[in-house]
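Below you'll find the structure, written out as structure tokens, and then a few comments.
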Amino acid sequence: MSNHALHNAAEALKKARCAMAFTGAGISVESGIPPFRGPGGVWSKYDPDKFEKGYFKRHPEEVWPLLKEIFYDMYGRAKPNPAHLALAELEAAGKLVGIVTQNIDSLHQDAGSRVVHEYHGSTRRMQCLSCRTFFKTEAISLDILPPPCPACGGLLKPDFVFFGEGIPDDVHRAATDLAKQADVCLVIGTGGEVVPAGRIPIVVKRHGGTIIEINLRDTSYTYNTTDYFLEGKAGTRTPELVRAVLG
Ligand SMILES: [Zn+2]
């Protein structure tokens, strides 16, 4: 049964003119990055209210050490896993147009993927909330927290979406445009719980595209949206599918 789904999914990808991937926390778990939700998730240890933008601006000296611990120390040790590498290989072979990811860990880029729309931003940049200048994270020392803006001394905020913040227009537009054009969407490691990001596969489906889902267990997509469900670990099933496509 599962082999049948794998075969059909590989055939759909082979025939696709514009295939995309939509990824979430589940693709990075095997890289050592815990998901936010669920038992053992980041929000079981840290209070999500502290990552609300207004709270951060009022209490940066309290929130910055938490940001460093989660998003720079823990994420900094993570390496791409076989699922990230397989998607990069698919793109290099001309069989994947781009990725829309909800992850902020940059592991797709580390794996070699070129077209990556980071729907929730990334840890690679910071922005000064006073003078609005962007800085590369590696240019900012985290020895003193909160780190002061090198230009004006103002408060730096990581360039990913906090609670209480909207999705930047440009990335939302780029992701939605890709979803409208895609004839196949590979959904990996996400059940679409977070909106509006979670609507991306629905947009693909409404425009006639085929949905291939790789998840550990069934999700809200599985019965209403997904065409081919490959159950299992992203790091196992994604390379398996890519091998079936590229031979
Ligand atoms: Zn500044």
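Each Cβ is built from the backbone N, Cα and C atoms, and glycine gets one as well.
Under the heading domain 'Deacetylase sirtuin-type', TrEMBL lists 1-247. Here TrEMBL flags His120 as active site, proton acceptor. Annotated Zn(2+) binding site per TrEMBL: Cys128, Cys131, Cys149, Cys152, in sequence order.
Summary: among the binding-site residues (Cys128, Cys131, Cys149), the fewest other C-beta atoms within 10 A of the C-beta are counted at Cys131. Excluding Cys128, Cys131, Cys149, Cys152, which define the Zn(2+) site, the same chain contributes Leu129, Ser130, Arg132, Thr133, Pro150, Ala151, Gly153, Gly154, Leu156 within 8 Å (Cβ to the Cβ centroid), listed in sequence order. Using a 10 Å radius centred on the Cβ of His120 (active site, proton acceptor) and all shown protein chains, the other Cβ atoms total 19.
According to DSSP, Cys131 (Zn(2+) binding site) is assigned to coil rather than to any helix or strand. Around the Cβ of Cys152 (Zn(2+) binding site), the same chain contributes Cys128, Ser130, Cys131, Thr133, each under 8 angstroms and 6 or more positions distant in sequence. For the domain 'Deacetylase sirtuin-type' (1-247), the model's pLDDT averages out at 96. His120 (active site, proton acceptor) is 22 Å away from Cys149 (Zn(2+) binding site) when you measure Cα to Cα.
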